[in-house]
């Protein structure tokens with residue numbers, strides 16, 4: 001008896017066997033929604049517009065990603081976000097938020113991250129990495145241990161080597177007073193961002209994101225709350241955005257033209273909306289300034305601006321009025337300012353499929369979710385179910401819902 005030859009074809013390029021995913025998980029197969037409409041950036045096509053936001057795991061050893069990162073991200077990646085983003089990754093050893101943060105300040109840190117990109121690509125998925133420096137918010141302990149405690153030397157911290165644009169503590173009397181950056185420090189910082197971006201490309205990442213939000217170093221340069229310099233990196237708006245643009249220019253000039261660059265910004269420090277805080281912080285980073293920056297970024301090769309908020313001072317958390325989609329209005333203001341010159345994503349409290357669809361239908365290009373993916377790695381399928389559409393899942397998962405033989409097969413070459 002002759003049998004039809006049906007092969008469980010292997011994914012191309014993977015160093016181990018795993019079934020090919022064609023089309024990739026997260027691809028809409030029936031129905032019509034904006035959430036599951038593909039988007040192409042610099043020739044890179046993402047199967048849907050629900051992106052995984054970066055999520056710090058505080059689980060690395062000396063900056064080296066571990067099996068936790070592979071399994072945590074892998075469980076989400078295989079279920080099909082349009083793009084998955086690795087957590088804030090330090091470009092300098094002393095730029096970590098905690099001693100357990102991931103880093104890319106040395107070549108040895110490439111290989112553990114390459115395991116993650118290799119897995120993502122074996123599933124026909126796209127993956128990016130967020131490059132960061134914590135500045136005056138460095139050398140903290142993991143957030144489940146304390147709200148704002150400093151990591152002492154005894155637990156691997158570096159409280160005597162914290163740096164920032166100006167010698168102003170994150171919280172007076174709680175955090176150490178940082179050392180103000182010298183001009184030489186700034187040059188080294190720019191070169192280290194570039195070196196980390198090059199390592200990210202070597203590690204196989206499809207997308208690079210620059211972290212200029214949440215009160216970390218680049219946000220510290222942007223905001224007058226933390227930047228009181230009197231040289232060309234402080235004072236005026238043009239001076240405060242200078243280091244961000246210089247870093248972007250260096251990276252854009254050295255990485256492949258086909259690699260998208262994203263920039264995450266805090267649209268506001270939130271002090272502009274509250275009279276109590278406005279008196280204490282008469283000058284801060286505002287939505288108006290964010291819109292102005294967002295209009296400049298595409299001229300420097302940025303493809304998407306991710307709009308978040310807050311983080312510059314503990315009191316900004318008090319000023320935030322959190323709730324469902326609480327940052328979407330900020331993203332809408334940015335999108336109105338930039339038009340079609342650059343893509344804009346919204347993040348924060350977007351925890352249902354209907355809400356995500358509403359945000360995208362309003363003109364935002366991409367929605368991102370962080371905690372909700374952490375709570376439910378199958379968020380893509382959950383959103384699709386809510387919206388009444390079908391999306392492809394990994395074959396190993398999909399068949400158990402659709403039945404045997406429903407995906408068809410391709411003959412072996």
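Cβ atoms are placed via backbone N, Cα and C, with glycine included.
In Swiss-Prot this protein carries:
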type    : residues                               : note
BINDING : 53, 54, 55, 56, 88, 130, 264, 370, 371 : FMN binding site
BINDING : 58, 211, 212, 213, 214                 : substrate binding site
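As a whole number, the greatest separation of Cα atoms within the substrate-binding residue list 58, 211, 212, 213, 214 is 20 Å. DSSP assigns residue 58 (substrate binding site) to coil in the three-state reduction, outside any helix or strand. Recorded residues residue 53 (FMN binding site) and residue 211 (substrate binding site) have their alpha carbons 12 Å apart, per Cα-Cα distance. Here the CA atom of residue 264 (FMN binding site) lies 5 Å from the CA atom of residue 211 (substrate binding site).
The distance from the Cα of residue 88 (FMN binding site) to the Cα of residue 213 (substrate binding site) comes to 11 Å. For the binding-site residues 212, 213, 214, a Cα to Cα distance of within 10 angstroms from residue 55 (FMN binding site) holds for none. The Cβ of residue 55 (FMN binding site) has 19 neighbouring Cβ atoms from other residues within 10 Å, across all protein chains displayed. Residue 88 (FMN binding site): 25 other CB atoms within 10 A of its CB, across all protein chains. Annotation note: residue 371 (FMN binding site) sits in a helical segment as assigned by DSSP. Under the three-state DSSP scheme, residue 88 (FMN binding site) falls in the strand class.
Residue 212 (substrate binding site) sits 20 Å from residue 371 (FMN binding site), taking the C-alpha atoms as the reference points.
Taking the centre of the Cβ atoms of 53, 54, 55, 56, 88, 130, 264, 370, 371 as the FMN site, the nearby residues of that chain (Cβ within 8 Å, site residues left out) are 85, 87.
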